[in-house]
Amino acid sequence: MQASELRFAPPSADKSALEEGRLFTPRFDANGLITAVVTDAGDGTLLMVAHMNAEALAKTLETGIAHYWSRSRSSLWKKGETSGNLQHVESISTDCDQDAVLLKVRVGGEGATCHTGRRSCFYRNVKVEDGRPILTENG
């Protein structure tokens, strides 16, 4: 995979510029990552939460295909590359202080986002039963 040429300027110390300005200056954390929340562009279903480093974010912006940083593998990850369930990005938004991004995507292939084969990684609800937290299948 070819390295990206897109570079991000450091975040402004001026809060107004960060919150109201036109320059996208993502605030990566101490590990060089930004949180990426991913939803279905059609119906808004929450599909997954992942992380991006500068290269993954740049590749996503340049190609229109979602790329993430795998913390477990310490490597760039083109979502759906092996399964065929590529995430085609329709829009990217950032929050007020630019430390998280929201990707609205259309999933190709069979439409699965989760490695378990499900559409969403959020397929279980957390509840309390008999004083213990338990998981139940949702939907």
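Using N, Cα and C of the backbone, Cβ positions are placed for all residues, glycine too.
Positions annotated as Mg(2+) binding site by Swiss-Prot, on the basis of sequence analysis: Asp95, Asp97, Asp99. Asp95 (Mg(2+) binding site) falls within neither a helix nor a strand when secondary structure is assigned with DSSP, and so counts as coil. Around Asp95 (Mg(2+) binding site), a 10 Å sphere centred on its CB holds 14 further CB atoms from the protein chains shown.
Annotated Zn(2+) binding site per Swiss-Prot: Cys96, Cys114, Cys121, in sequence order, evidence recorded as sequence analysis. Counting every protein chain shown, the Cβ of Cys114 (Zn(2+) binding site) has 14 other Cβ atoms within 10 Å.
Around the Cβ of Cys96 (Zn(2+) binding site), the number of neighbouring Cβ atoms within 10 Å comes to 10. All protein chains shown were included, and the count of other CB atoms within 10 Å of the CB of Asp97 (Mg(2+) binding site) stands at 11. Counted within 10 Å of its Cβ, the other Cβ atoms near Asp99 (Mg(2+) binding site) come to 16, all protein chains included.
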